[in-house]
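*Asks:* My structure is below; once you've seen it, I'll send some questions.
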Amino acid sequence: MTNIRKNHPLMKIINHSFIDLPSPSNISSWWNFGSLLGLCLMIQIITGLFLAMHYTSDTTTAFSSVAHICRDVNYGWIIRYLHANGASMFFLCLFIHVGRGLYYGSFTLLDTWNIGVMLLLAVMATAFMGYVLPWGQMSFWGATVITNLLSAIPYIGMNLVEWIWGGFSVDKATLTRFFAFHFILPFIITALVMIHLIFLHETGSNNPSGISSDSDKIPFHPYYSFKDLLGAVFLLTTLSVLVLFSPDLLGDPDNYTPANPLITPPHIKPEWYFLFAYAILRSIPNKLGGVMALAMSILILALIPHLHTAKQRSVMFRPLSQCLFWVLVANLLTLTWIGGQPVENPFIIIGQTASILYFLTILVLMPLTSLFENKLLKW
């Protein structure tokens, strides 16, 4: 009798991706975050779909439609807060996933890494547009400030901003198109995830040692399927605790005030997962320079494979590079903290120092340290 799992055209794809997939025998829990990101994406699409059934993308009714979801729709409050806090979990997993790729040298899988950078940009765009939809004060002013950054582009800047707005300010047209893009982008992200996995399965996963594991592979199921299941339990437990006990912990109180173009909030700031980039943007006094630094803070990830000068792939056996990696992590946490603070001293100088150190670490210190470690190998 033929095995349907191995012969059926559709089942064969699933089998090669999630069941009989040859996996390195030594991958740690840091490799769990890929599957957790898939779980987060599923949660976001399902909850988002139910929210879209009740939401209205009109400036006069958007805020009250979100209030209606929370008050009148069956379990609407839990759907809304799962979606809002699910985004935070999504970014937490994303940052750890990228960090693991940097630490263990997964960026040497060029195609997979580049699609990953595109995915990060797509998820950030989706999250930004989603934050605008409740049409609270922070939604409106966040949209105004961030879209206005494009006016820094020479010659075409202002035309571009008004084209995105669909008028002369953030208004009904802006909200409608942001809702349309926020709805369609997760499906584009899903397609990119599939491409990401196709490229990954061409080469096979990396492992903590950074050396080839072709001689020692084990099937994905049952070993890593159960390991991923444990990670999913931890993720869902954390998300449930967040949603049920303190759903507004990561949100901004200003967003419970309906959008008012005549009153500017005292501190305009994005959600916590954008604060590091926002701090880099604010640390440069020049508008165009700030926008370029903001773009580079993410796009620099695409340069990392070309800045890799070490003979070893992973930093597991490179203590100096390990120190630099954790300096980078501490630096990003500092930038996240600074992004949420008002623009005054000493926060300005701390933000500027951390921004310089961020680019200096990635562009100069890490490649030079790797070259020095190559010399040490010969001693």
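The count begins at 1 with the first shown residue.
The backbone N, Cα and C atoms fix where each Cβ goes, and this holds for glycine too.
Summarising the annotation, Swiss-Prot assigns heme b b562 binding site to His83, His182. Taken from Swiss-Prot, the feature heme b b566 binding site covers His97, His196, and the record attributes it to similarity to another entry. The ubiquinone binding site annotation in Swiss-Prot covers His201. According to Swiss-Prot, the transmembrane segment annotation covers 33-53, 77-98, 113-133, 178-198, 226-246, 288-308, 320-340, 347-367.
Give me the lay of the land around each of these features.
*Replies:* Of all Cβ atoms in the protein chains displayed, 21 besides its own lie within 10 Å of the Cβ of His83 (heme b b562 binding site).
With a cut-off of 8 Å between CB atoms and residues at least 6 apart in sequence, the same chain places Phe33, Gly34, Leu37 near His97 (heme b b566 binding site), listed in sequence order. Secondary structure at His97 (heme b b566 binding site), taken from DSSP and collapsed to helix, strand or coil, is helix.
Annotation note: His201 (ubiquinone binding site) sits in a helical segment as assigned by DSSP. When Cβ atoms from all protein chains are considered, those within 10 Å of His201 (ubiquinone binding site) total 14, not counting its own.
Same-chain residues lying 6 or more positions outside the transmembrane segment (33-53) and placing a CB less than 8 Å from one of its CB atoms are 69, 79-80, 82-83, 86-87, 89-90, 93-94, 96-97, 100, 182-183, 186-187, 189-190, 193, 228, 231-232, 235-236, 239.
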*Asks:* Using a threshold of three or more Cβ pairs below 8 Å, and leaving out pairs closer than 6 in sequence, do the transmembrane segment (226-246) and the transmembrane segment (77-98) count as in contact?
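*Replies:* They are in contact.
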*Asks:* At a C-beta cut-off of under 8 Å, are there same-chain residues at least 6 beyond the transmembrane segment (288-308) that contact it? List them, or none.
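*Replies:* Result: 98, 102, 105, 107-108, 110, 113-114, 117, 120-121, 124, 149-150, 152-154, 276-278, 280-282, 355, 358-359, 362-363, 366-367, 370.
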*Asks:* Under an 8 Å Cβ to Cβ limit, what residues of the same chain, 6 or more beyond the ends of the transmembrane segment (347-367), are close to it?
*Replies:* 279-280, 282-284, 293, 296-297, 300, 303-304, 307-309, 321, 324, 327-328, 331-332, 334-335, 338-339, 341
*Asks:* Provide, as an integer number of angstrom, the distance between the C-alpha atoms of His182 (heme b b562 binding site) and His196 (heme b b566 binding site).
*Replies:* 21
